[in-house]
Amino acid sequence: MGKRRYITGFDGLRAIAVIGVMLFHLMPTKIIGGWLGVPLFFVLSGYLITDLLIQEYDNTQFIAPIKFYIRRLKRLYPALVCMLLISTTIILLFDQQLIYNLRHVLITNLGYVYNFWAINNGQSYFQQFGGASPFTHLWSLSIEGQFYFVWPFVVWGVLKLRIKKRYIFLSLLLLSGMSAILMAVLYQPNAINRVYYGTDTRLFAVLLGSALAFVWSSTALRPVVNNKARNLLNSTGIISLMIVIGGFLWLNGQKDATYQGLMYLFTIVITVLIAVVAHPASWFSKTFDNKFLNYLGKRSYSIYLYQLPVFVFYEKFVPHYKTSFLNMMIEVLIVLGISELSYRYVEKIFRYTKSFKHILHWFVASRNRFFGGVVVILTYVLFLGNGITDHRAGIALPETKLQKTLKKNEVEVAKRNAMAEKEGHTSASKKQKRTTLTADQKKIVSAYGLKSEQYLAFKDLPFKAVGDSVMLDAAPYLQEVNSNMVVDAEVGRQSYQTPQIIEQLAKSGKLAPNMLIGLGTNGEIKRADLDQIMKIFGKKRQVYWMNNFVQSRSWQDENNKMLWDAAKHYPNLHVINWFELAEQHIDWFADDGVHPGAVGDRNYVRLLVEKVSQVNHIK
């Protein structure tokens, strides 16, 4: 076997992968499939590591796992430890809310088993709203670490047995398919962590790359091929690249179909693209080998490590952070600056033996030994040690005031819903209508800043409300002003889930003549979903839709614009401008800047009553 070939173009693929991940974190509604950069990293790792191990065996008839582990640790561990140290320092000094569970996060990441812990304890990769963790993205490094630990023995074993490489290829292909099937079987829309973080359900990407290495060895690919072969390579590369770009733009990580085969098919396309780029005769091998992509690709590991911590801390520490082009550019520049330092002074120094030995020699030299020891001890005691030993680091974050309120509201709303549905058999027209206020009603009118006529007209209207946690926060106040209102609100509810909910309510006859919708806190509202909802409601039902105030999320403005545009199309759709009022009263809100609290909730209700009065011409 020939000398190991440096594959030009692979740095370009790494750059594309890390750009996709960064853009997804910055603009999740624009680059909706940017998270697919991770499968691209997985396939690349599978191919490169397997190709390296095969070459080692072909040259020596042996694979040295210990030497392999040392090479991998030198390449990956120092930058990871450095990032954990810096992030822990920031948490201890400036954001101690994140110290909860930190011990588990640090230990599992250092042991490359964080993905197992994240399945039961971590945040969903797609539900980062409110208290996002700067470590969520590290699950993928754990899967790669587990692969590195096992794979040298697997490759050594199958090569020692002299199994034909095409049979190994087919076996790995079959195993990858089984992993994808397991993902589809275990997938649960409301508990996505198991399949998203699971080694067994994500292994197919690494296996596809490994399978490719057995039939597409980098040293066996000829730099010169005939025109027919070159054209086939280039046309295949163009098609696969277009599909990859399309996936980055449109493959939604929260859709059922993604986990029921689409992610696997997309990963197969990635594998094809990698095969084309790996071939020295392809146009892509040269095109992806340029200064810009090479720069990002060489630093892609550090960029990947630091991008989420930078985004999380920046958004936390900038007062009233809003998604804007300027803020995103600042965040990207910070990531690139830190990554350059990490690449130059951590990755490169520890990766190459001479530099590493020089550092080690400096620390153990007699004149520097005391200073070096003091630095190591202080670093551990002050920062990383505290992150592990602090009693809070071993327990989950206690329930916040907001979480307790929402749980309490769930119980209270369920009771009031039962009462409202029971009383709903008596129509509002049969109830005795008062034209004067009782003493209790006068208190309500005063507390909510309502006019008597508006309140009297609103309080008995048949209403059904469907929404997310912002509506759940306001639910007791809604039901205090209108005891007929039935509220179906849930923490984390996404707009794409709502058409099915509305359809079920329609089938069971539980829709009301007046509907209140409050969605968009947790993600984009698709116009197609709104159209489907409005189709179910029909033209006679009045629909009141509360727009969004989610100041730190990119989808806020897009959702609000879409709602105003939709209101022009549907005469019975009435948008309530919660955003305009909320923006003027930041002091109403909880620490997350989105859930309004008691004063805000009363004003939330007031806006609804005023809009209903306006629609019904009540002054």
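Every residue, even glycine, has its Cβ placed from backbone N, Cα and C.
The shown structure was predicted, so the numbers you read here are calculated from the model rather than taken from an experiment.
Across all of the domain 'Acyltransferase 3' (8-336), the predicted model scores a mean pLDDT of 93. Annotation source TrEMBL lists domain 'Acyltransferase 3' at 8-336.
According to TrEMBL, the feature transmembrane segment maps to 12-28 (among others). Counting same-chain residues at least six beyond the ends of the transmembrane segment (12-28), those with a Cβ under 8 angstroms from any Cβ of the stretch are 34-38, 40-41, 44, 137, 244, 248, 273-274, 277, 287-290, 292-298, 300, 303-304, 307-308, 311, 323, 328, 331-332, 335, 523-524, 554-555.
Marked as transmembrane segment by TrEMBL: 34-54 (among others).
According to TrEMBL, the transmembrane segment annotation covers 75-94 (among others).
Taken from TrEMBL, the feature transmembrane segment covers 138-159 (among others).
Under 8 Å from some Cβ of the transmembrane segment (166-187) lie the Cβ atoms of residues 158, 194-195, 198, 200-205, 207-208, 210-212, 214-215, 256, 259-261, 263-264, all in the same chain and six or more residues away from its ends. According to TrEMBL, the transmembrane segment annotation covers 166-187 (among others).
Taken from TrEMBL, the feature transmembrane segment applies to 203-225 (among others). Here the transmembrane segment (203-225) has long-range neighbours at 1-5, 7, 39, 42-51, 54-55, 143-144, 147, 151, 165-166, 168-169, 172-173, 175-177, 179-180, 183, 233, 264, 267-268, 270-271, 274-275, 278-281, meaning same-chain residues at least 6 beyond its ends whose C-beta is under 8 angstroms from one of its own.
Long-range Cβ contacts of the transmembrane segment (232-251) within its own chain (Cβ-Cβ under 8 Å, at least 6 residues beyond either end) map to 16, 20, 31-34, 36-37, 40, 225, 258, 262-263, 266, 269-270, 272-273, 276-277, 279, 281-284. Residues or ranges marked as transmembrane segment in TrEMBL: 232-251 (among others).
Residues 5, 7-10, 12-13, 36, 39-40, 42-44, 47, 176-177, 180, 183, 204-205, 208-209, 211-212, 216, 218, 221-225, 229-230, 233-234, 236-237, 240-241, 243-244, 247, 251 of the same chain lie 6+ residues outside the transmembrane segment (263-284) yet bring a C-beta within less than 8 angstroms of a C-beta in it. What TrEMBL lists as transmembrane segment is 263-284 (among others).
Residues or ranges marked as transmembrane segment in TrEMBL: 296-314 (among others).
The transmembrane segment annotation in TrEMBL covers 326-346 (among others).
Positions annotated as transmembrane segment by TrEMBL: 367-385 (among others).
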